[in-house]
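Per TrEMBL, the features are as follows:
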TRANSMEM  24-46  transmembrane segment
TRANSMEM  67-86  transmembrane segment
TRANSMEM  106-127  transmembrane segment
TRANSMEM  139-158  transmembrane segment
TRANSMEM  164-182  transmembrane segment
TRANSMEM  194-221  transmembrane segment
C-alpha cells in the first residue's frame, strides 16, 4: 500500500515526505480494516454470497465464532500478565538468582551450564528476552569476562536457554494463539495440555543445544568472524 500513496496526500506522510514514521503507519490498523472489509464485501457481492446488507454482519460473526474462546482466554491472561509485571516478582527472582549463582564461585564449563539452566528457569517468569537480558547482562557479563569468556559466547548461551522454554511459559502471550488452533482439534485442550505436550520438545531442544554449545567450547570453533569462546 505504501507505493500507491501519491505525493498529493502529504498529510499521510511526515514533514520530510517519508513514510517512517508517519500518520499513515500510525493509522495502519483502521486503514487495513476498511481495506479488507471493502475487498470482502465486493467479493461477496460478486459471487452472490452476500445478497443483502444483513448478510455482512452474519458472515462477520461466523468468521469470529471460532475465535471466541481465544478472546475470553486472552482477556484473563492479559490481566494475569499485567499484574505479574506490576508486582516486579520476576525482576526480584532474577536478581536474587543471579546473585546466588555468582556467590557459589563455580568456574569453567559448569558455571556456563548453570547459567543456561538458570536462564531457562527465569524465562518461565520473564518472557521478554530483552528485559531478561537487561537484568542478567550487567551481572553475568563482567563475571564471565573475569573467567576469560567472550561476551558473545555468553549471549549465545543465553539465547539457547531463552528460546528453549518460550513455548512452555504461561506468560507467553502467543501461547493463547497456539491454544486456539489446538482447540480446533481437541475441544478439551487447555494451557496444561499444551505445556505437557511441548515440555518434552523443550527439554530436548535445551539438551541438544547445550551439547552443541559444549562442542563449540571444547573445539574452539569461532561463533563468527573473529569471535571465539575465550577473550
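FYI, residue positions are counted from 1 along the chain as it appears here.
Quick reminder: no glycine exception, Cβ is built from N, Cα and C everywhere.
Predicted automatically and left uncurated, TrEMBL annotations should be read as such.
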* To do: State the residues, same chain only, that lie 6 or more residues beyond the ends of the transmembrane segment (194-221) and have a CB under 8 A from a CB inside it; answer 'none' if no residue qualifies.
  => 109, 112-113, 116, 120, 153, 156-157, 160-161, 163-165, 167-168, 170, 175, 178-179, 182, 228-229
* Structure fact -> Near the transmembrane segment (106-127) in space but 6 or more residues beyond its ends, with Cβ under 8 Å, are 84, 89-91, 93-94, 97-98, 135-136, 140, 144, 147, 149, 154, 157-158, 160-162, 164-166, 168-173, 206, 210, 213-214, 217
